[in-house]
Amino acid sequence: MSLDNLKSGLPEYAKDLKLNLGSLARSTELTEQQLWGTFLAVAAATRNEAVFSEISEEASEHLSEEAINAALGAASIMAMNNVAYRAKGWLGDDYAQVKMGLRMNIIAKPGVDKVDFELWSLAVSTVNGCEHCTIAHEKTVRSEGLTKEQIFEAVKIAATLQGVAQAIEIEASR
């Protein structure tokens, strides 16, 4: 299994990450599509080839082609939006009413349940450090019926995969 490849490749100092990966992959808080879509979207957001490759392989066993495309779409559109909305926030009130003017059609028609796409967008936004987008997507998934525990499960996946990507980069540079 690909997740096992990631875990076995982690150094001893990343044992907590290894254990967290195992626990999160067995999570029952999320549906299978929510879980593996989160793993895939976040793996893409880490920008780490090994993490993305290993997670992609395993996610393909759990997700439809539509869900794979939607998860990768969430990672891609959030890469754009997170930069734009962070900048808008930094620039202050003078920019609050400035129209974004960027196409974001995938958010309206992601090809999967809206709540799943929004959850993946939230997880990616946490990796990318966009407070505005994280809060906006949290509000949407809460209104769609997800619990705080389900939302935080996606955040834990994001945090753990980012840590795994960091450990892999550290080891590659040693």
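Glycine is no exception: its Cβ is also placed from the backbone N, Cα and C atoms.
Remember, it's a predicted structure, so these values are computed and weren't measured experimentally.
So that you can see what the record holds, here are the features copied from Swiss-Prot:
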- C130: active site, proton donor (ACT_SITE)
- C130-C133: disulfide bond (DISULFID)
- C133: active site, cysteine sulfenic acid (-SOH) intermediate (ACT_SITE)
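Listed in sequence order, the residues of the same chain lying 6 or more apart from C130 (active site, proton donor) and placing their CB within less than 8 Å of its CB are M78, N81, N82, V83, Y85, R86. If you take the C-beta of C133 (disulfide bond) and look for same-chain residues 6 or more apart in sequence within under 8 angstroms, you find M78, N81, N82, Y85, S121, L122, S125.
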